[in-house]
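**Student:** Reproduced below are the annotations present in TrEMBL:
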- 58-76: transmembrane segment (TRANSMEM)
- 88-106: transmembrane segment (TRANSMEM)
- 155-283: domain 'Palmitoyltransferase DHHC' (DOMAIN)
- 202-224: transmembrane segment (TRANSMEM)
- 244-268: transmembrane segment (TRANSMEM)
Amino acid sequence: MQWEKLKPPEPDDPMCCCECDLDQYGCCCDCEDLDEAFTRWLRDRPSKGGSCQKKKRTLFFLTLSLYSLFYMYYLFITEILPRGNVSQLQVCTVTTGVILTLVSLIQTKRGPGFVTPCLHVAHSHSQEAEKDSTHLNGCIQSAAATGTKNTLTTKRSSCPVCKIMRPPRAGHCRTCGSCVQRLDHHCVWINSCVGQANHRSFLLSLSVFVVTSLYGISLVLSSLCPRQYLMTALLYCPGVYTQSSSALCFTCAWYSSIVTGGLFYMWLVQVVNISLNVTEREAQLALRNKTGQRRLGGLVISTGQFSRGFCQNWAEFLTMADTSVSPRSSLTDLV
């Protein structure tokens, strides 16, 4: 198979399917050249009635997750609380967890930290100021620090789509159509990217939701199956289907357990990546370039490029700040 580059690809992003000379595969791509590739395909071969659509941002998964959260809380208040097996303190704990989940989700939706031309100008001015101070002081330590900065500067790349210079570890999201600082991934469940500005709040949302969900499931199972052990109540609970209300609550407990299990796995991957100072995007690129190592059945993907030790990696994650100068997101942008 011969590959023909229709335009200069990003040096750190996977090759797009539109860059292949087999244009019939271009309609499966979600890049900016979708229309052009599909037009070439129509000119070479007649249409067979099939159609393809570009992936776009959707509110379906975000709406589904919010509806599930509110409906589970509604069942807990209307069906489990009247049984009298739940104390007021436990209700306040669950309510606080739901509120904290919504607050952290709103904070996550305020933006991942998009790369703007003003960000590149500000970064250039700061580098010039650091170079001037290095020449004035003539200090060896300052020179070493400047050498480190220059090393990072050489890793800056130009985005062929946005036509702007990107800082190190930034990436272009094809769904959002913008470059994001320290891009981790695009999450369909929040309809937004996870980047430098909202990565901490995203991890907080996952943590609070998983803890609140596990606590709520334990309260529901203790109320529906008081004679069963908590670990086995989800598998065996006699008499739970005798009433429609208890059957509904038990089914929703199963649904919540499945969702919580998936989110717990996502939380675990995030914690492992942060401990290794690697983003999900960097891990996938490392696997594509065969520079990363899979461990623990693929749960851990080590690149060794930015890792500075467990404590230093977490300190960098907890102290990183949004350096973009984009305007503050409004309430209409939270969706």
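Start at 1 and count along the chain as shown; that gives each residue its number.
Keep in mind that glycine also has a Cβ here, set from the backbone N, Cα and C atoms.
Whatever TrEMBL says is automated annotation, not expert-curated.
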**Student:** Pull the DSSP breakdown for the domain 'Palmitoyltransferase DHHC' (155-283) and write it out as helix, strand, coil residue counts.
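**Tutor:** Here the numbers are 67 helix, 16 strand, 46 coil.
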**Student:** So if I exclude everything within five residues of the ends of the transmembrane segment (88-106), which remaining residues of that chain have a CB under 8 angstroms from its CBs? That is, six or more out.
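**Tutor:** Residues 69, 73, 76-77, 81, 190, 201, 204-205, 208-209, 211-212, 215-216, 219, 334.
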**Student:** Using Cβ atoms and a strict cutoff of less than 8 Å, what residues sit near the transmembrane segment (244-268) while being 6 or more residues removed from its termini?
**Tutor:** 68, 71-72, 75, 79-80, 203, 206-207, 209-210, 213-214, 216-217, 220-221, 224, 234, 237, 299
